[in-house]
Amino acid sequence: MNARNLMSLAWTYRNTLIIVLTPLILLPLLLAEQSLVAKCAYGLIIMAVYWTTEACPLAVTSLLPIVLFPMLGVLDADSVSMAYTRQLNFLFMGGLMVAVAIEEWNLHRRIALKILMLIGARPCWVLLGFMMVTALLSMWISNTATTAMMVPIAVAVYDQMSDVTTVKQCNQSKEKNLRKAMLLCVSYAANIGGFATLIGTPANLILPGALDSVFGEGSSETVDFVSWMAFSVPVSLVCLLLTWIWLQIRFIGIRLSLRKDNRVKAYIVDSYNKLGPVTFGELAVLGHFVVLAILWLTRDPKFVSGWKEIFPRGLMKDSTSAILVSFSLFVFPSKNPFRKLKGTNEVRVSSPPLLAWKTAQKNVAWDVFFLLGAGFALAKACEDSGLTEWVGDTMSGLTDMSPAAFALIISIMLSLLTEFTSNVSTASIFLPVLCRLASHSGIHPLYIAIPATISCSFAFSLPVATPPNAIAFSYGGLKVKDLVSV
């Protein structure tokens, strides 16, 4: 067999080779040093390689801590398993249930089209409208689902804007650039909106777990829904505005941006009208979403006592609200039970719930539960084994620089790394170490951890960096250099 055929065969079975060879190559680390630190590092590096290369599905790799850490003697199986059932997992799961209900009733499409109807018909405002809607939806539901819904609408709007008249008034290159801008504005806004709330992306939820590993569970030094938004929403708004301005400059130009096209608004209005009148189910789901948002925002608003103080010892968490509202979705009727049946004087006896369990089984991203659990398990293993302390001592020289410079370097490093790796796996590997390193160096962990967490969502330069980029890229018209150059 010649070298070319051998390389081809190796590429065909590359995932198997990675899975088998990685533990073998790393064995010297385990044999040379029998400490818990070395054992934990061995398991952590295996996880990092599998996650980075995606040699097997991310969720499947996320189950490995239950095997590796008891086998290596780092943690017992009970301790590892408990990490997969942290209240933060259920916070995200409850949020996903509400998001699935919103998608099931097509409420997100109605909201998107309604907001776009209020935006002007000029390309600059159309782009801003798409970015605002996409970012808003991505704050609450999956950025992948948001992009999958918004990109087809953006392409249809582009088709309305690029007829013969437009082509006559601007060259073919400008027309192609307009399509690129329409696609990129959606994918970028989905990424930006995702880090604006604690449940917007799973990577954000790794931070509270990392802080617990430093300060201990129940500490006041933690991040909840309100405190996270206080940091992230201003950053998200600034990023959204700067991205919008840059897309105008990079792809469209002032002349085309300011051209009014009433057909765009007509198309959006027509699309909205096709949805028909608002149903009882849509209003009920919207009500559940509003109630959940209010519960999250008022549980512990910091400047006044929140509703959690009503209950014993103030033990209520954001996950409590998420699961309560999710539970209601499975029992709340989807049709008005007090409205009389058409043509009769009888009221409706029963109706299906707003969310059926079969729908939840099919559409909830259950793999995220394991991804988050693996992140918490890694954090606990690193802390209990002393690996985070060892890494902190080893990297202590980095903290000789100013905290601002240190935070900047870490943010740039993670934003580059997340172009090639999963956002969640990047956060799971680095945040526990960074929190401990900052604490040892006399820097408040949040000063480093918040920009590091947000940087894990800054995946804008490659199609493979994040699902929204891949969805936009799949519609054609974009090249890798378009993403890199932006």
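Here the Cβ of each residue, glycine as well, is placed from N, Cα and C on the backbone.
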Which range of 84-103, 404-423 is transmembrane segment in TrEMBL? It is 84-103
Please tell me whether the transmembrane segment (181-205) and the transmembrane segment (12-32) touch - that is, whether there are at least 3 C-beta pairs under 8 Å between them, with each pair 6 or more apart in sequence. no
Within-chain partners of the transmembrane segment (84-103) [C-beta distance under 8 Å, separation at least 6 from its ends]: 66, 140-142, 145, 198-199, 202, 205, 208-209, 285, 288-289, 292, 317-319, 321-326, 329, 354-355, 359-360, 363-365, 368-370, 372-374, 376-377
